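Visitor: Below is a structure I'd like to ask you about.
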Amino acid sequence: MDYKTTLNLPVTDFPMRGNLPKREPQMLEKWQADGLYQKLEETGKTLPNFTLHDGPPYANGHIHIGHALNKILKDVVLKSRRMQGFYAPYVPGWDCHGLPIELMVDKKLGKKKREMSKTEIRKACREYAAEWVKIQSEEFERLGVFGEWDRPYLTMTEHYEASTARELAHFAERGGLFKGKKPIHWCSSCVTALAEAEVEYADHTSPSIFVKFPFADELPEELTELAGRRLSFVIWTTTPWTIPANLAVCLNPELPYAVVETGDELLVLAEGLVASVMSALAIDDYKVVTTFDAKLFERKACRHPFYQRDSLLILGDHVTLEAGTGCVHTAPGHGQDDYVVGLAYGLEILNPVNDYGKYVKDLEFFGGMKLADANEAVNAKLEEVGALLQQSKVSHSYPHCWRCKKPVIFRATEQWFVSMAANDLRDKALQHINDVQWIPRWGQERIYGMIEKRPDWCISRQRSWGVPITIFYCASCREAMTDGKLMHHVADIFEETGSDVWFEKEAAELVPAGTVCPSCGGSEFVKETDILDVWFDSGVSHAAVLENRDYLNTPAELYLEGSDQHRGWFHSSLLASVGTRGVAPYKAVLTHGFVVDGQGKKMSKSTGNVVAPEEVIKKFGAEILRLWVAAQDYRDDIRISQEILQRISDAYRRIRNTARYILGNVHDFDPATDSVADGELLEIDRWALGQLEGLVARVEKSYDDYEFHVIYHAVHNFCSVEMSSFYLDVLKDRLYVSPAKSVARRSAQTAMYRILDALTRLVAPVLSFTAEEIWQELPGEREQSVHLARFPRFESSLIDTDLNERYQQLLAVRSDVSKALELARNDKMVGHSLDARVLLEAPAGPVAELLEEYRQELATLFIVSQAELSTNLETSQVGEAVPGLKIRIEKAQGDKCERCWNYSVTVGADETHPGACQRCREALAAS
């Protein structure tokens, strides 16, 4: 007889191989056809709201692996919140203005741009951004990310631009907007001011020079003994090109200064730096003549090294002993500290550098020269006049433009600023930082330090593609009209036509009839030509998006971006919201690290270590990317490589195979009619459901805490260790051999069905495609999609601590038995474990009592034909997991059953089924 036909073997259409690259697009089409996201929207609007506000990526280029990480994290958060019973809409956004896009359009237009009007350039930028929004939208959807892809927010729409203009008006109305000449980061290549967030620091080699500034004033009474001697204050700088703009030398009022004799001249520097400076100057023969208090020299004069003007001696707290000489070269037009201390002393904000990184033409000695050539020229001049003490090179971290990657300069220009002091913006922002939940917690300290020290916010840019600064100047007196009503009037026009109208129409066509200058009564006006910083643009998204879609919360429950956004979008959003609303725009902020290669190195095309999402999807599928995201502790930098992805793929396969095995064994199970009540379940099945409940509690808490890597490890361990390596392995005999409708088999099926149903729900936010695939194969009535379902309800009654402790001990015994079986295999005593008979001897105590209690189940737990308790075992293995346990492996007694493959002395006892054991004969009779 062919006994195989009498077994309950697994039956399922669920494939072993995921074939994800092919199957995922089919699933996306199904979700689209079913209107799944729309159903989530419809069914959720009566539920508590959870708003995650999307930080807008630039509409420029294909998505990179960092984009994929970010969008998948957001999707996991929102899907988990929906399954917890929240209404969690997702409105994706795009940053469509700004330098990245304009530079790409410049490159595309080439020389043609010179013949184009600003409006035509803006149109080209708009078309370029729209094209990339479409491409990126499709790429994000391919990742399995749910959202309003047909209704995103774009910073270039009429409504958004109008909202941006209104928020600018709100700052003006509150007195927080001003125009001033201040040093800001300036990119001469891109010809524009840069925000703090648009500056990247990279290693750069700069000149390092020590320069003498001759003292040219009366000595203080306390130092008259130095009269008649040549005295110079020594400065150190890595920017020789700023020496022509020097107006002062700054000392620290709290530091002692030394007069150092070197030959026939005297040099002044901080006492604490004498040794290091003399070493740098290679001067061995020197002595400190005297020391003095810096305050003695306040407002006295040095002579500029090569210009016929004085350099004032001033005092400032920013001077330190960390580097240099303690005497700081001060050019108020080229440094933030220089600017601040210069204002205190009434110094001119001198800036002899034009927009293109050249000295102005009338600058003596260097007029019209490029700054790239200036360092060498200035050093030569200093040497010529005898002021250069020493020159060398130094490698240090230096600011570079985020787009063109070229070094930037500090340069004083007329710009528009949001004041950090007006309306106590800085103090209020710092206060509201403490009201926000920061994940990880170090994010709070990081953004606090940035806000605490940041200068006024420079919001103007000298480019074409952006929202214009909606300010008019009186043509007669040049007064800037920061009138809120006038600015709101322009914003209303933008709402109808978009901001291009600012560049298409004359000022007279944009101001209300009868508008006059409040200062001189003039009635003719000129428009501001600068545009707004894109960080202001995206920073007001809380107003443009959250406040204008009634199904979104404001403040949002969560902002989630990379850690660089502490100085970017988190930063600008906080200032914009606190400055106009008096509240932070978010309740919680979650940040993730950057993606690096397998060795922890930054990715770059030149290095050739870039991993593109498109390539991963083609090879592995988006599901593997999603699982990779969940597997990482995103608080640190996140590694990716082919090897890492292969490991993730292997883990995915184990989870998938667990699901496939269960589906195959519940093919004839109807949960509505075949389920076994909890009280009637076999003990091991109750234990398995208890393990499931532990997983449910751990996973749902981890979703709450955004600890997705904990979920990955918990699920993977559950599938590979508790299920595949033990429980499901032990069940095979009962599932295949028992009568199909027996309580024993139905008990196993009940547990397995409940395990897979719960597991599918738990992994759905991460493994969105595979969970849906499993869901469609599960028996019984259920929601149309797993994504319309809820997480499993935690059943604390299934957690049996005593039962769990007993099974922990039994599993320890099983571990020792498995090792003994492996040794027996190596000795060719047995092949399969069913070939074995296991004899156990445990010392008197709890283990012996437990083994006696489970005497009848031991063979099943060990997957052997016979397991018996014995005494006085002579030749045996000694347990490792269970000290004192003795184990002996023998050949199983009896013959091998042709149906269940267990050995039994009952095989051959019945002529009807001579090849079957008694258990199988009974099962056949019951069929």
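The chain as shown is numbered from 1 upward.
The backbone N, Cα and C atoms fix where each Cβ goes, and this holds for glycine too.
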Visitor: TrEMBL lists motif ''KMSKS' region' for one of the ranges 117-121, 442-446, 462-466, 602-606; which is that range?
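Guide: So the range that TrEMBL calls motif ''KMSKS' region' is 602-606.
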Visitor: Would you please say which range out of 57-67, 178-188, 354-364, 827-837 has the annotation motif ''HIGH' region' in TrEMBL?
Guide: 57-67
Visitor: Least buried of the binding-site residues E561, K605, C897, C917, C920, going by other Cβ atoms within 10 Å?
Guide: K605
Visitor: Looking only at C-alpha atoms, tell me how far C897 (Zn(2+) binding site) is from K605 (ATP binding site), rounded to the nearest Å.
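Guide: With distance taken Cα to Cα, K605 (ATP binding site) is 63 Å from C897 (Zn(2+) binding site).
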Visitor: Looking at the binding-site residues K605, C900, C917, C920, which has the shortest Cα distance to E561 (L-isoleucyl-5'-AMP binding site)?
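Guide: In terms of Cα distance, E561 (L-isoleucyl-5'-AMP binding site) lies closest to K605.
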Visitor: For K605 (ATP binding site), which DSSP three-state class applies?
Guide: coil
Visitor: For the recorded Zn(2+) site, whose residues are C897, C900, C917, C920, find every other residue on that chain with a C-beta no more than 8 angstroms from the centre of their C-beta atoms, and list them by sequence position.
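Guide: Here the nearby residues are V737, E898, R899, W901, N902, S904, V907, A916, Q918, R919, R921.
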Visitor: Give me the non-local Cβ neighbours of C900 (Zn(2+) binding site): same chain, 6+ apart in sequence, Cβ-Cβ under 8 Å, ordered along the sequence.
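Guide: Correct list: D733, Y736, V737, C917, R919, C920.
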Visitor: Let me know the DSSP-derived helix, strand or coil state of E561 (L-isoleucyl-5'-AMP binding site), please.
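Guide: Strand, per DSSP.
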Visitor: How would DSSP class C920 (Zn(2+) binding site) in three states?
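Guide: C920 (Zn(2+) binding site) sits in a helix per DSSP.
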